[in-house]
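One structure follows; several queries about it will come next.
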Amino acid sequence: MVNKAVCVLKGTGEVTGTVYFNQEGEKKPVKVTGEITGLTPGKHGFHVHAFGDNTNGCISAGPHFNPHDKTHGGPTDSVRHVGDLGNVTADASGVAKIEIEDAMLTLSGQHSIIGRTMVIHEKEDDLGKGGNEESLKTGNAGGRLACGVIGITQ
């Protein structure tokens, strides 16, 4: 079983980061840690997208990873995309420290996030509560600032 992964985030602007994934066992939650720099202060949507394709920048990563065909939600909602990790918050200097534990993510099996793309978005994710169609798809999180493919590590 794969139990560690990493993702290096890069975009067309100043936003960069490194995100680590650790899963102690098959039925255990995935711990997501890391740091993203170059952000505007405040909340930014943070999602795993369906494809590991960054040939056309972050746009070719496709929609949020959603193998169960659910609507968009927050990380604590029972109805959500597997890739819905909510928001990360950048401080006044534009740095977001990531510390998330998520029971829906997995690093192995049919719905593994390995080979998919992690994306940091321009705006705050409304967690599917924005009252419009786009909210139920993307959380109205806006453009894709930086992304990277999630890969196996030691």
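In case you wondered, yes, glycine gets a Cβ from its N, Cα and C as well.
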What is the disulfide partner of Cys147 among Cys7, Cys58, as given in Swiss-Prot?
Cys58
Cβ within 8 angstroms of the Cβ centroid of His47, His49, His64, His121: which residues besides those meet this for the Cu cation site?
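Counting only non-site residues, the set is Gly45, Phe46, Val48, Ala61, Pro63, Phe65, Gly83, Asp84, Val119, Thr138, Ala141, Arg144.
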Could you check which of these recorded positions, Cys7, His72, Asp84, sit within 10 Å of His49 (Cu cation binding site), going Cα to Cα?
Asp84
Hey, which of the binding-site residues His47, His49, His72, His81, His121 is the loneliest by Cβ count within 10 Å?
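Ranked by other Cβ atoms within 10 Å, the binding-site residues His47, His49, His72, His81, His121 bottom out at His121.
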Per DSSP, to which secondary structure element type does His47 (Cu cation binding site) belong, with helix, strand and coil as the options?
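It is in a strand.
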Tell me, which recorded positions from Cys7, His81, Asp84 are within 10 Å of His47 (Cu cation binding site) if we use the C-alpha atoms?
His81, Asp84
